[in-house]
């Protein structure tokens with residue numbers, strides 16, 4: 001079924017705006033006028049001349065019926081399509097955007113296009129009559145009405161996307177671009193991303209079993225859902241759990257066109273992505289993150305992996321998802337501590353690339369912790385946009401992507417020493433304070449107090465045990481960013497100017513630790 005249907009009079013911009021909106025939402029655009037011409041084998045003006053308007057309207061009704069059923073993106077209807085009662089009935093359960101335009105601009109736009117048979121004689125008077133007659137019908141079917149007169153395409157598209165309630169970030173990596181949809185209820189868009197799958201494995205934990213069942217129910221007819229429950233949190237990220245999933249896929253006869261869906265926090269999407277990456281050397285995966293941390297970090301970027309005795313995420317692969325559905329409704333019941341932990345990765349994005357994030361949190365920390373409010377939606381979009389920009393340039397961490405690990409060298413050491421009992425976001429918060437001390441000690445920007453203030457304002461820790469330096473430094477030496485025996489850190493030359501360095505001395509590392517734990 002169509003995601004969005006665009007209606008409006010001739011000259012309102014249905015095709016132009018519909019195409020831009022589809023691109024903005026990361027879906028495909030379709031136009032029923034183009035369908036009719038293709039099916040008839042001749043242009044629409046020729047259909048009017050050869051067969052008459054009544055025949056054209058019959059073709060149009062059938063084209064609309066078929067397109068509404070088949071198409072899962074943005075669909076533009078011809079200006080007169082809403083004249084048919086059956087078409088208006090079809091649109092009752094679909095989001096419809098009505099594009100308005102004033103008469104003068106509509107005349108100017110349609111003068112350029114001679115392929116409008118109803119406007120061949122006295123176009124201004126005819127257009128006025130058509131607009132007056134059809135306006136009540138457009139409004140009858142419309143959920144959203146937008147005036148396009150004199151407006152920029154980009155601004156119009158942004159407004160429509162915002163009013164639809166969906167924010168979309170496109171990750172343009174070199175292999176397969178994909179969309180991250182952000183908004184309330186976006187899990188309902190899952191059918192758009194099923195492709196040719198006949199089976200879908202929904203990997204989840206006990207905590208997300210209800211949502212997993214709902215995800216299974218959203219699959220189109222003919223797609224069989226297999227629910228696979230795994231242990232919660234980091235306990236689920238192991239080779240043994242992955243092997244159990246692979247055995248289940250084999251038992252169900254999963255092929256390369258079938259699909260894995262990860263429903264849960266970052267540990268679930270990491271594991272689901274790894275399972276998908278390895279089965280038959282790669283099957284599609286869609287992520288439905290249920291935690292703020294998972295949404296802005298693990299689910300986006302294509303990294304997958306499991307933990308081993310040697311450390312966290314040391315075994316894995318790069319396997320970009322087909323799509324990520326960040327349904328903000330899933331955050332409504334998250335404990336405050338979990339929201340704060342997720343915000344650690346958001347704040348990190350602010351320090352390395354988008355200072356507006358820091359300003360939003362500093363201006364109203366409570367709003368940043370209100371999962372149902374507009375500030376969280378903007379923070380999520382901005383943080384994901386930062387990651388998308390980096391990942392799009394460096395999927396496999398050849399260079400630039402390393403900047404996403406700001407604060408993570410120390411954070412991963414904490415997690416390992418604490419046997420993964422610390423929340424990842426808590427560890428990242430402390431790791432960013434450690435990195436801020438290194439920035440200052442090595443003669444770069446001094447953001448220590450700002451870092452501590454913004455993190456503490458949302459309830460995140462900013463210090464660590466003073467007696468564990470020898471253990472910390474030993475774990476940091478096996479960090480994934482290191483090259484051979486050379487230890488590397490992500491630091492900041494200035495706000496939003498990250499740099500990967502390999503010249504931080506052992507003494508400077510120790511001094512930063514002492515300042516952190518003082």
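Positions of Cβ are set from backbone N, Cα and C atoms, glycine also.
As the structure is a computational prediction, the values presented were derived from the model and not from experiment.
Features of the protein shown, as given by TrEMBL:
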type	residues	note
BINDING	11, 12, 13, 14, 15, 16, 116, 151	ATP binding site
BINDING	15	Mg(2+) binding site
BINDING	33, 57, 79, 134	substrate binding site
BINDING	232-237, 266-270, 290-291, 303, 312	NAD(+) binding site
BINDING	345, 408, 424	Zn(2+) binding site
DOMAIN	228-339	domain '3-dehydroquinate synthase N-terminal'
DOMAIN	342-482	domain '3-dehydroquinate synthase C-terminal'
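Positions of the features from TrEMBL, shown on the structure.
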| residue | record | Cβ within 10 Å |
| --- | --- | --- |
| 13 | ATP binding site | 24 |
| 57 | substrate binding site | 16 |
| 79 | substrate binding site | 24 |
| 134 | substrate binding site | 19 |
| 232 | NAD(+) binding site | 15 |
| 234 | NAD(+) binding site | 19 |
| 236 | NAD(+) binding site | 24 |
| 266 | NAD(+) binding site | 27 |
| 270 | NAD(+) binding site | 28 |
| 424 | Zn(2+) binding site | 29 |
CB within-chain contacts under 8 A for residue 408 (Zn(2+) binding site), separation at least 6: 428, 431, 490
Candidate nearest residue 234 (NAD(+) binding site) in space, where candidates are the binding-site residues 11, 12, 16, 345, 424 and distance is Cα-Cα: 424
Those binding-site residues, out of 11, 16, 266, that come within 10 angstroms of residue 79 (substrate binding site) at the Cα: 11
Cβ-based isolation winner (fewest other Cβ atoms within 10 Å) among the binding-site residues 33, 345: 33
Local Cβ density at residue 14 (ATP binding site) - other Cβ atoms counted within 10 Å: 26
Check: same-chain CB within 8 A of Zn(2+) site center, minus 345, 408, 424: 293, 297, 344, 348, 407, 411, 425, 427, 428, 431
Rounded to the nearest Å - Cα separation of residue 236 (NAD(+) binding site) and residue 16 (ATP binding site): 47
Residue counts (helix, strand, coil, in that order) that DSSP gives for the domain '3-dehydroquinate synthase N-terminal' (228-339): 49 helix, 32 strand, 31 coil
Residue pair residue 13 (ATP binding site), residue 134 (substrate binding site) - Cα distance, angstrom, rounded: 16
For residue 11 (ATP binding site), the one of 57, 134, 268, 345 that lies nearest, given that the binding-site residues are compared by Cα: 134
Residues close to substrate site centre defined by 33, 57, 79, 134, Cβ within 8 Å: 60, 77, 78, 80, 81, 82, 83
C-alpha spacing of residue 14 (ATP binding site) relative to residue 424 (Zn(2+) binding site), in angstrom: 46
Overall pLDDT for the domain '3-dehydroquinate synthase C-terminal' (342-482), taken as the rounded mean: 91
Substrate binding residues 33, 57, 79, 134: largest Cα-Cα distance, in Å and rounded to whole number: 18
